[in-house]
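Listed in Swiss-Prot:
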| type | residues | note |
| --- | --- | --- |
| BINDING | Gly158, Gly159, Ala160, Gly161, Val162, Gly163, Lys164, Thr165 | ATP binding site |
Amino acid sequence: MNTGHITQVMGPVVDVRFQSGQLPELNNALRVEQKGADQNAVDVNVTLEVALHLGDDTVRTIAMGSTDGLVRGTEVVDTGAAISVPVGEVTLGRVFNVLGESIDLDEPIPADAERSPIHREAPKFEELSTKTEILETGIKVVDLLAPYIKGGKIGLFGGAGVGKTVLIQELINNIAQEHGGISVFAGVGERTREGNDLYHEMSDSGVIKKTAMVFGQMNEPPGARMRVALSGLTMAEYFRDKQGQDVLLFIDNIFRFTQAGSEVSALLGRMPSAVGYQPTLATEMGQLQERITSTKVGSVTSIQAIYVPADDYTDPAPATTFAHLDATTNLERKLSEMGIYPAVDPLASTSRALSPEIVGEEHYNVARQVQQTLQKYKELQDIIAILGMDELSEEDKLIVARARRIQFFLSQNFHVAEQFTGQPGSYVPVKETIKGFKEILEGKYDDLPEDAFRLVGRIEEVVERAKQMV
């Protein structure tokens, strides 16, 4: 057993000296366990991950838990391997921390459960799958204008409080209820309260049986927040590689992964790059994102909430993430202020799947006409603001009327928000979505009041509501 001793503790950074020629490898997990000397002393039980070899038989490590109670001279044991987490069926319905320890007060995970290291290589080129298949979400604005690809990476962009987490919760709910698929949720540096709410909501709806959850929340040290996404991904990879499943990996929030990496980088004494981020930003992001992919056996589809600092899309953190995405869902504060939920910007959201070869001619044409109508309305808004509606031509007035109906019809109630809104949520199949928007564009519902289109599911519900309004 290879042991060393702590020589220095600086917050979450711990230096450990080993005997000559017995340095642990980079990314190895080291364990520190020590009973408190008396009643008032803290019991120490912390895992450290080797980050740097400093020379002089010393390694610099990052703590995955609180370093309270650590003192110089404390014995440290090298486990000889990277941090590993449980994988397989035992993870479903359970909540874990970054080290794969259950934190849900349920039965402990069996000691003989299979485990996998969190640091792994991305799948080789020859193992990757190239076929493109659409993932139906039941959310109209997503399915119509920025459809998700199975095995793709999707980014949910938005500032604070525009609805990223609610959208993620709705996607987990819809995928589990409609597709019966396995999901892994990685809570990276977000609010503990949200994780708690999500767990209870999923338990109530029964979705939890098909979900594994891994949390490293805001109150955790930066080491845990930086590695928790890898822990969740490792669990998802097992279902893909060993069971051939199509798995959904939700990461909330990928910005916190970058933020934690930035903290760790500063603590390790690296020179910062642009806006104070770590110099290894692109490398760290690439190591995580390249493991999220479709292979010939199964797929991992990842949906990542991406906080945009001060709504600045040129910030290096969101900009680096953009490079890896197949589809983006942009949430816009102006829409949420208008009461349009989900507040997805129909013109800024993109997907490489929106092409006639993948979604079909009809879907593509309807989506493009919807975007053209909304774009024309956006251009006319300045004229309306200065001169009023009366100065528009009859043709433009019609475009504005249809655009407003489209804008409202892109909203819908969510199942996971029922307890707040009191309105039942709706799941709308893609065919119904295309039919509804096609008929609005054809002018079939020009005579119905605008408010009938707000927060409904299918077009038939609009007609029903319009009758009640009369």
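Quick reminder: no glycine exception, Cβ is built from N, Cα and C everywhere.
Residue environment of Lys164 (ATP binding site) contains 26 other Cβ atoms, counted within 10 Å of its Cβ in all protein chains. Same-chain residues with CB within 8 A of the center of the Gly158, Gly159, Ala160, Gly161, Val162, Gly163, Lys164, Thr165 CB atoms, the ATP site residues themselves not counted, are Tyr307, Leu331. Here the Cβ of Gly159 (ATP binding site) has 16 other Cβ atoms within 10 Å, regardless of which shown protein chain they belong to. Sequence-distant neighbours of Thr165 (ATP binding site) (same chain, 6+ residues apart, CB-CB distance under 8 A): Glu190, Glu194, Asp252, Ala305. It is Gly161, among the binding-site residues Gly158, Gly161, Gly163, whose Cβ has the fewest other Cβ atoms within 10 Å in the structure shown. For Ala160 (ATP binding site), the same-chain residues 6+ apart in sequence whose C-beta sits under 8 angstroms from its C-beta are Tyr307. Val162 (ATP binding site) has a Cβ environment of 25 other Cβ atoms inside 10 Å.
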